[in-house]
Amino acid sequence: MANVAFCRSLKLPLSDNTPPPQHHRHQTRRTPSLSLYRCHIPGKASIFHSDNNARAKARPRLRITCQAIDLQQSKEGSDIEFSITAGQDRLLKVPTSNIRNFSIIAHIDHGKSTLADKLLQMTGTVQRREMKEQFLDNMDLERERGITIKLQAARMRFIYENKAYCLNLIDTPGHVDFSYEVSRSLAACEGALLVVDASQGVEAQTLANVYMALENNLEIIPVLNKIDLPGAEPSRVSQEIEEVIGLDCSNAIHCSAKEGIGIFEILNAIVQRIPPPLDTTKRPLRALIFDSYYDAYRGVIVYFRVVDGTIKKGDRIVFMASDKDYYADEIGVLSPNQLQVDELYAGEVGIGSCTLWGEWFSELRDALEKLQLNDAALEFEPETSSAMGLGFRCGFLGLLHMEIVQERLEREYNLTLITTAPSVVYRVNCTNGDTVECSNPSLLPEAGKRRSIEEPIVKIEMLTPKDYVGTLMDLAQKRRGEFKEMKFITENRASITYMLPLAEMVGDFFDQLKSRSKGYASMDYSFVGYKESELIKLDILINGDIVEPLATIVHKEKAYTVGRALTQKLKELIPQQLFKVPIQACIGAKVIASEALSAMRKDVLAKCYGGDITRKMKLLKKQAEGKKRMKAFGKIDVPQEAFMAVLKLEKEVL
């Protein structure tokens, strides 16, 4: 249809003396008895014909004048209007062969959310008056940070070659900490848009997501975004994709999501190149749940992809993981707001709520259990601490994931939280032959019962411009990294591979990598296994009491530096008390670093402006006895900032 031109019709009933028609629209006069239709013929101008041949023949002097207009000038406006109009009816059913389930995978800040916004707008899924940036990012936290945290789904209706298609977009995060969200989205799709910044090129997370998509046998459509930027190099990036990933980029789509360039080409490619789901409507019901969240009024809401069969409102369904059955109270779709439907069949993506789930969740009073429904990557188990009281030990995918979960718990459930230092799971080989897994330093067997400690090792790949190779290798070496290989992907970009202890990476490694490379480097990592190492337990004592949440397992060579850094930082952050507070770092009974928080002095002599000196001495002695008593029985409130400081300490200092 690329060469088709549109015609503007001028209908003029002429007599013998009527002068030739003037090509001005305002001088035309319409004939009400004619019904005109527009036909598209490839390579030709549009033709108008009548459905009333008798009346047309009765007016032999009716002339129709066509004015050809270049399609490139008029196509955009008319196609947008047509798509927006067609997109209003998103609940109309289409055959399974006309369903396309796809995801958008990209590195963070490569324009994925902007592209999703433009797809929603161009298909008429979201009206212009309702449109806002990061439309699918419905959490305030996502908007503040400018990132996608939770996967979202949106159903769009698109007309291609006069046929209606249902496009189900399952949006994904781009940050490495949320790769589990990406894996669940890809499991529900048949294809994916690989969005790469035309100015930055392939990043580490791009590779990780592409490999994840290939493992799911998805059709991948390469899209080069931000081609409107002055520094965009589409040809170089296309070559880089072919060399690094191995995808054919001869038909890669060049677009600018911000300017709306290439959006219709992307929609057409989704229809043409992504395969439809299998038509298994007649089989027994099977559905894949890829997300869920808790609603205070409706209970648990699940996001699912119907794999086989049909699900209707009121059906009795069985959840295979828990082996429990429920009634489907509500069935609907996200478009992107929730719209109720009566039925969903194989290939469709929808949401549902079940009766008994709400009753079961009425017993859940802890916010972590509710949040886990919405974030399956979050793991937690109960824990008791002498310093912190009752709490939970949680598992995260990275520091950003931890910060997001903490802020969501505080905002959405009105909680006040204290977060302790991150740790990994170690394997302890005991002298009696047993092997114990310890995620908490307090669970370590006594030193006399330990034969060796093994720590988890990861393989980390850093992609960086060649100018920052030296400083990133220095970073890895200081984190006890073992160099494996370095190769140049292109003339100016290198890939560096190290074997690194996971404990050295869970802190601020990613922040340091970005800082040292001025934001240009990226990384990806994978778990390799366990390796024996010289590790010891470092305890922190405040006023003589062990603060277990601050205890860490560190390498023997770094014990003193870590202890010195922790005690100095805690001295700065713990508020002054009315008595002297010692802060110590210990290995067993041996103190390796110590600081003291000086007492806050209250001027008890302020009221003594004269008189005998013995009166002043009496007041000072009474004050000293009070301080001694407070030191013996006083409790220290360790502020949240003190625990967060452990996370922020630079490893060079540690």
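Residue numbers in this text run from 1 along the chain shown.
Note that Cβ sites are derived from N, Cα and C of the backbone, with glycine treated the same way.
As given in TrEMBL:
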DOMAIN    97-278  domain 'Tr-type G'
BINDING   106-113, 171-175, 225-228  GTP binding site
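The binding-site residues examined here are ALA106, ILE227; by Cβ neighbour count within 10 Å, the least packed of them is ILE227. Every protein chain shown contributes to the tally, and the Cβ of THR172 (GTP binding site) ends up with 27 other Cβ atoms within 10 Å. Over all protein chains present, the Cβ of ASP109 (GTP binding site) has 15 other Cβ atoms lying within 10 Å.
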